[in-house]
Amino acid sequence: MSAAIAGAVAGLLLAACLPWLPGALAVFAIAVAGALLLLAPRAPARMAAGLLLGMALGIAHGAALNDRRLPRDCARELLTVEGEVASLPRVTHIGEDTRQQRFEFTVAAISPAHCGGPRRALLSYYGALSVAPGEHWVFEARLRRPWGLVNPGSFNMQAWFAQTGIDATGSARAQGALRLAPGAGPGSLPDRLRAQISQRIAALPLSADARAVLGAVTVADRSGLDTALWRLFQLYGLNHLLVISGLHIGLVAALGYGLGRALAMALALAGSAADARHLPGLAALLLAAVYTALAGFSLATVRALAMLACVVLASSCWRRAGSWHNLLLAAAVLLACNPLAGLGSGFWLSFGAVACLLWLAMWAGAAARWRQRLGTHLFMSVAMLPLCGWWFGGFSQVSAPANALLVPLLGLFVVPLALLGALCALPGWPVADTLWTWAAQPLELLLPLGRALAADHPGWLFRGLAPGPLETGLALCAVALLVAPLDWRVRALLPALLLPLLLPPATPRTAAPEAIHALVFDVGQGTAVLLYDRRRALLYDTGGGVAGGSTIARSVILPLLRQRGIARLDTLVVSHGDSDHSAGLADILGALPVARLLVGAGVRVAAAGDQAVARDIAVAEPCRAGHHWRWPRGDVHLRVLAPAPAERLSRNNGSCVLQVSVGGRRLLLPGDIDDDRERALVRYWRGDLASDWLLAAHHGSGSSSSHAWLKAVNPAEVVYSHGYANRFGHPHPAVVARLEAAGARAWSTASQGALELVFHADGELQVIAHRQLKRRYWL
């Protein structure tokens, strides 16, 4: 049976990685072949049967997912959407007057009918009315297919949409929103109770951070967790505590097991004839299920509940609970319910952690209980290094002591009191506020201390890693052999296998020793371009976001720089002050050394705060037309074409226009200049504007890319850096038509993801479109 289960897990995981889905007849043939092989007595045949049946189930799930997607011709149309609020709204205040409520919406009807298909949408509503779970609404909304940025080394939002079953995303208008009915019915009861508890916690006289953490660990309400608080927990390796997952479910299950055992003992002492042997396991499962409901049945909690159910079932059937078979069974159950669950890091971290514990148990000898617990804690700290490096690009260097302190505190004090407060809040008892206030006291004490320590010593709390497959594989081998019964001389050599993971790359990673990379990031409606070789690196623009909050620089650019081993920037160019080009300036300056900063019109370097001073950048240099330089020992020539020092220009027209020459090929980066500015540059630079590659000005806006400009530049290739189905209509159809008439081949970051040009020493140019490189049927 274990062979068939292992095959099914492998088949379900493989199906999620398919670039396209076979037809129904092929799926039927695969399923029939798997069913026939299942009758064979030998383990290899049963494993093959499980593989085929798992693939058939995964493909069928994928076909259903694709059928529910919004039709492409309905993207950004104004639709009438009717349905039910299906999650706890996440409230974000944008500025002083705007409030965003973001929630999942179960779609009952869409008008016009030809745009039907989506069953679950993720909506953002900016109106004054408050949205609550279970309520029936009608919205006028502009929907689009689930879409995410595709860049090497960063989080894939589209994979998350696929995992969670989101069929469309969109924005609901404030006008025309109508609440048809209040929340009612058993289906929305857990979310309605969560909303009630969350509102009570939000009204407590506590600090905003304490309220945010309490809401997160009680009912998985993460709307209060701002970027700074999340980053603080990440620095200490504690951000897993903010997401109700296996750790929290395990702690609550242990509490339930203890209560069930106490009840069983009480029944035995009372002389009851009832068989109470299974009562502790059932109590653990029941309490964990209640907590899972409070967390909104999120992927992480359902995964943990499935694993716990397998353990309790095995124990009830007199089988060994902590076995590899049960781990495989839990993975199979989870993937059968959601075949795309394996796309997320949580799946691999959860099952990887349990696998490490089972591996350790195989070799653990007799020892005192405190030594066993200490050894387990230290082993898990080392075991999670390669996984954290691979998925998150680094690890906290103080995670072992921080977790040793906070996990027991959370599990034995904060969470029990928070859950007891939640139970008391349901009937409206005032004692709930007192319990939550008690639960928050350690948070009120430790969070300010943590912030102060992070502010004083930001460099040594978190260590960035840039592991490749080889480094990760060697580290996993070291972890596996660390507890095996090996000769001490062999074991003494194992730390050497961890060194490739922990040591930074000697030089940035390139396709070849003398290769030069130019990468146009997929940043949505914004711009960011990286140019680097093994000795130098230049970044042009930092993408969009909210300065001081969530930015593209933090989520996309910095992870790639870590992955490629780029530890410093020789030059940072910010073309102009619009937020879709400059929002990440403070994040870049605060994360790594920048030798030189060039800025265009309207860039406020003071927005970088003390981080700029910390990096010894006292004054940014303005871009000056005619300024040029070369990279030492490299065939790279850079020249600023605009603006001139005395020109008085608007912010967009004051963009820093940069021309990059690599091995005889030219790339032109014009910022957001308009057609009048283009014509002025044509009159001044004339034939010097000629470039092989052109980044379309202002994301392909209709006010740019004039005939005169295109004639002077004469590009063979043009790149549009723009958001998918954006509200501006970029690139403008007239611009696309002009460039097609000019004979330029078009590339789009929205359609093809990050675009990477690799200039080889022999003159060959390799073009990599990262969305096509990682093609999956759900992308």
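For all residues, glycine too, the Cβ spot is worked out from N, Cα and C.
For reference, TrEMBL has these:
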DOMAIN    525-722  domain 'Metallo-beta-lactamase'
TRANSMEM  45-66  transmembrane segment
TRANSMEM  241-270  transmembrane segment
TRANSMEM  282-312  transmembrane segment
TRANSMEM  324-341  transmembrane segment
TRANSMEM  347-367  transmembrane segment
TRANSMEM  374-393  transmembrane segment
TRANSMEM  405-426  transmembrane segment
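The list of residues near the transmembrane segment (282-312) in space but at least 6 beyond its ends in sequence, with Cβ under 8 angstroms from a Cβ of it, reads 87-88, 163-164, 190-191, 193-194, 197, 218-220, 243-246, 248-250, 252-257, 259-260, 263, 321-322, 326-327, 329-330, 333-334, 337-338, 341, 344, 346-347, 350, 354, 419, 422. Taking Cβ pairs closer than 8 Å, the transmembrane segment (324-341) reaches residues 1-2, 5-6, 8-9, 12-13, 15-16, 54, 57-58, 61-62, 65, 159, 162-163, 165, 299, 302-303, 306-307, 309-311, 314, 347, 351, 354-355, 358, 778 in its own chain, all 6 or more past its ends. Beyond the transmembrane segment (45-66), the same-chain residues lying 6 or more positions past its ends with a Cβ under 8 Å from any Cβ of the stretch are 1, 3-16, 18, 21-22, 24, 27, 30-31, 33-38, 162, 165, 167, 332, 335-336, 339-340, 777-778. Restricting the average to the domain 'Metallo-beta-lactamase' (525-722) gives a pLDDT of 90.
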